[in-house]
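Down below is the structure, laid out as C-alpha cells.
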Amino acid sequence: MVGEACADILECNNPGTCPGANRQCTELIGSFRCDCVDGYAEFNGECQDVDECNDVNICNHDPVSSCVNSVGSYSCDCVQGYAKNAVDICIDIDECQSGQNPCDLSKRETCENTAGSFTCNCLEGHFRENRNEACIGIDECMSSPCTSQLQVCVDGDSGFTCVCREGYIIINGICQNENECINTVFPCDSVTEDCRDIEGTFACDCKDGYTRNSNNVCDNINECEQDSLLCSGGNEFCVDTQGSYRCDCIQDHVRSAAGTCNPFLEILLRIIELNGATATFEETLSPMRSTAINGTVCNVMFSIVSTRFPSAIGCNVAKFQRGSLIAHVTILLDDLGLSQNEVRTYLYSQLNDGRYVSGDALDSLVVDNSTTAVTTVRESCTTLSCANGGVCDTVPELLSVACTCGPTFEGIRCQTPIITPQLPSEAEPLDTIVIVLIAAGGFVFVPDYMLHSVHRGVYKEAESRPSPREPLG
C-alpha cells in the first residue's frame, strides 16, 4: 500500500523457526539467526555439549582446583583436602581441628595436619613397630632422667615428669622438706597427739599424760593410780584429768597461798540486836537467806576478823536458826595457823559493851558472848563422797568422813582398783593421822586409844575428798 511504512517481521516468535535441541533464535533486521545455546556447539548440524574442561586455562591453572564438566556447563571444584572460602578460593582443610579427630586416641596417636591431608603420628615418647599397629610407650624413666635424689620419675603418655618424693614439696623449683605439722589438715589427733616434723615425713607423739596402747591409740594416763604420792600434802585428793591430773582440797577446805588445804572457820553467834533493832528469828530466814541481814552480819564479822588475820578471803552466813537469831558465819582463811581458842579470845577482845562494830561503823551487832563458839566446818557424807559402791560414815573426831571400800577397790574414795594386794606397815596409820591433825591446825584432840580403833581408810579420807561445796556469797 502506497504511503504505509514497512515493519520488521519477528521470525523468532515462531517456535519452529530454529528446529532442533539446544538452539536459540536471535532476531536480525529483516532476518534472524539460529545459534547453539551457551555450552553447546554445532557439529554435523546438531548442537552438542562442549567439554570446557579441555581448556587447560579454564580453572586459572589452580593446582588445588579440578574442572568438572556438566551438560551445557562446567565447574571448578576443590580437590580432596581443600574447601572454598568466602571469596571462592580453595584453601586447605585442617582435619585435626575440625572437631572430629581422625586419629585413634586408643592407639596413643596424635593428629598432624598436612597440605590437603593429615597424618596420625605416635604421641611423644611412643613408637610404632608396624604401620597399622598401636603406638607403644617408651618408659623414659628406665634411664633415670631425674637428677635430684628428692625426685621420682613418673612415666606418662606424653613423656615423663620428675616430681618431688612423698614428704617433699617444690619451692622455687627445688624439692624441699614439707612440714606436714603446719598443714591446714592436722595429720595427728589434735587432742592426744603432738606432731613432730621429720625430714621427708612426720611422727605423731603422744602428748604428756598419754601413752600409746596396742591399738596405736594414745590413751590417757591415770596419774592418780600410778603414783600414790601425788596430792599427799594433807586434806587433798588426786583427780585424774585428760592428759594430766589435779589436786583438789577436800570438802570445806581451801588451798592457801602456801599451797596447803586449810579448813573453813565457823563462828556461831547468838545475835540480840542488829543495827540497834531487836534480832528475832523468822521462818522466812530458814529456807532462804536474807540478803540484807547476811550482808550486815558479814560486814561486821569479816571486818573484825580480817583486821587481825589478813589471810581472810571471804565471809558467808551459812544459815540462821531459832534462839533469838543464831547465825552460822563461815569465814574463809587462806592460811589457818591458829586455834579456835585464839580466834575466840580475839573476838572477845573486840567486844564493846557486848557489841561488834564494822570497820566502816555502818553496821553493828549485839551478841550473847557466852554462847559464841568457834569451830572448823565438819564434813558430812554426800553421794559423791565414796566411789565404786564404797560406804560413807562420818568421823566427828576427825571432822571428816571415812569410806569402807569393797573387796576390789581401795583409796580415800575407793577410786583405785586393787591390782596387787599389799599389807600396810604398822607405822603407816600413825603417820597418816599425824598429817590429819597437823592439817586440821591442832583443832581436834584424838586420844591415843582411838589410833587403834579407826580404820586405815579413815586416815586417808582426812587427807582428801571430793565433795560439792556451796560457794561463798
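From the backbone N, Cα and C atoms, a Cβ is placed for every residue, glycine too.
Per TrEMBL, the features are as follows:
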DISULFID  Cys59-Cys76  disulfide bond
DISULFID  Cys103-Cys120  disulfide bond
DISULFID  Cys386-Cys403  disulfide bond
DISULFID  Cys405-Cys414  disulfide bond
DOMAIN    8-48  domain 'EGF-like'
DOMAIN    49-91  domain 'EGF-like'
DOMAIN    92-132  domain 'EGF-like'
DOMAIN    137-176  domain 'EGF-like'
DOMAIN    377-415  domain 'EGF-like'
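Structure with TrEMBL features highlighted.
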residue : record         : Cβ contacts under 8 Å, 6 or more apart
Cys59   : disulfide bond : Ser65, Ser66, Cys67, Cys76
Cys103  : disulfide bond : Glu109, Thr110, Cys111, Phe118, Cys120
Cys386  : disulfide bond : Cys392, Cys403, Thr404, Cys405, Arg413, Cys414
Give the mean pLDDT for the domain 'EGF-like' (49-91) on the 0 to 100 scale. 87
Pick out which of the disulfide-bonded residues Cys76, Cys120, Cys403, Cys405, Cys414 has the most other Cβ atoms within 10 Å of its own Cβ. Cys403
